[in-house]
Amino acid sequence: MEVESPPVICCAYWSSSTSLLYKRRRGSNNSLTISIAPKHRLLNSPPVDCPSDEYLQTGTRKLTIDELHQHAQDARSLYHEFWTIPTNHLEKLRLCGAGTKNRYGTIIANEHSRVKLSELPGDPLSSYINANYVNGYLNEYHAFIATQGPLANTIVDFYRMIWQERVPVIVMITRLYEKNKAKCEKYIPDNQSAQYGPFQIQLKSITYRTDYEIRRLVIEFENEQREIEHYWYTAWPDQSCPDIVHPLIELVKNVEKSRVDLPDLNKCSGPVVVHCSAGIGRTGCFIALSNGIKQLDTEHTIDIVRILCDLRRDRGGMIQTNDQYQFVYQALSEYARTLQSSS
């Protein structure tokens with residue numbers, strides 16, 4: 001006797017040692033698949049064939065610290081997990097003529113979260129910059145701005161954004177040239193000061209740390225001065241990820257401290273600007289680490305799937321490669337070990 005399959009398109013049930021999944025396959029009846037899988041505290045990602053927007057809104061995989069350590073070593077699972085999450089790349093720029101302000105033709109600022117500069121008289125393109133607001137931990141509104149490395153023709157726009165958004169901290173995660181290719185135009189003075197359009201930039205101090213440099217900059221515009229901090233991480237290797245995690249974790253912590261302290265100095269309480277070259281790969285890693293560290297500190301659990309989904313909703317393509325995704329897992333696992341050892 002034929003038994004009718006339950007009218008379920010996709011649902012998942014997790015037991016202590018096995019997973020059961022009902023899945024409707026195209027051109028066939030519903031089928032029941034039973035696979036052996038370790039239990040996780042929460043696995044609630046939507047099916048891979050659901051709309052991208054829905055996936056980015058609902059995808060999640062919450063792990064305890066012990067589960068994080070185990071999952072961070074499972075390269076095959078992380079590979080599948082990374083490629084399951086939609087990239088959310090914008091296919092076409094809506095503002096005609098603004099393409100000359102994009103460093104890469106395929107990396108376009110998503111429209112809903114795009115930073116819009118105040119339009120200059122007679123220049124409708126002056127409102128465009130390839131940058132997106134990105135929310136922080138617990139959806140902290142506009143905690144970051146993710147952007148590309150400035151071009152020669154966008155340095156003034158970059159400083160217009162810094163000024164307009166009252167940015168306290170800039171994080172730079174690229175060298176000016178890598179493998180003889182230009183990655184970012186130089187936009188900070190070598191020694192005392194430099195002029196970029198209407199902005200006078202003065203170098204007040206510089207501190208050298210392992211793998212990064214900290215500069216205190218004074219920006220002057222229309223007879224007003226503001227002090228900001230510029231962190232330049234110089235140790236990210238070409239075509240790979242850092243071997244040593246500690247300096248980058250230290251950088252994340254110091255940036256957060258500056259973000260909290262600097263508004264008391266000059267009321268710069270806006271987003272932290274983070275950029276690499278394209279503004280999605282290393283930039284995405286940094287923001288994911290920042291949000292992940294806060295979650296581990298607060299909840300002692302981590303949901304990197306949810307973190308990446310949130311990042312990609314704000315700026316498409318964040319965390320560009322599978323290697324970068326695994327690096328984020330391993331870095332947060334290492335940070336979690338320091339929490340365990342100190343507790």
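Cβ atoms here come from the backbone N, Cα and C positions, even for glycine.
Lifted from TrEMBL, the feature list:
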type	residues	note
ACT_SITE	CYS276	active site, phosphocysteine intermediate
BINDING	ASP238, CYS276, SER277, ALA278, GLY279, ILE280, GLY281, ARG282, GLN320	substrate binding site
DOMAIN	101-335	domain 'Tyrosine-protein phosphatase'
DOMAIN	246-326	domain 'Tyrosine specific protein phosphatases'
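The structure, with features from TrEMBL marked on it.
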{"residue": "ASP238", "record": "substrate binding site", "contacts (Cβ under 8 Å, 6+ apart)": "GLU178, LYS179"}
{"residue": "CYS276", "record": "active site, phosphocysteine intermediate", "contacts (Cβ under 8 Å, 6+ apart)": "GLN148, GLY149, MET172, ILE173, THR174, LYS183, CYS184, TRP236, ARG282, THR283"}
{"residue": "SER277", "record": "substrate binding site", "contacts (Cβ under 8 Å, 6+ apart)": "ARG103, GLN148, GLY149, THR174, GLU178, LYS183, CYS184"}
{"residue": "GLY279", "record": "substrate binding site", "contacts (Cβ under 8 Å, 6+ apart)": "ILE107, ASN130, ALA131, ALA146, THR147, GLN148, GLY149, ARG315"}
{"residue": "GLY281", "record": "substrate binding site", "contacts (Cβ under 8 Å, 6+ apart)": "GLY317, ILE319, GLN320, THR321, GLN324"}
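In the three-state DSSP scheme, CYS276 (active site, phosphocysteine intermediate) is classed as coil.
Across the domain 'Tyrosine specific protein phosphatases' (246-326), DSSP classifies residues as 55 helix, 6 strand, 20 coil. Averaged across the domain 'Tyrosine specific protein phosphatases' (246-326), pLDDT for the predicted model comes to 96.
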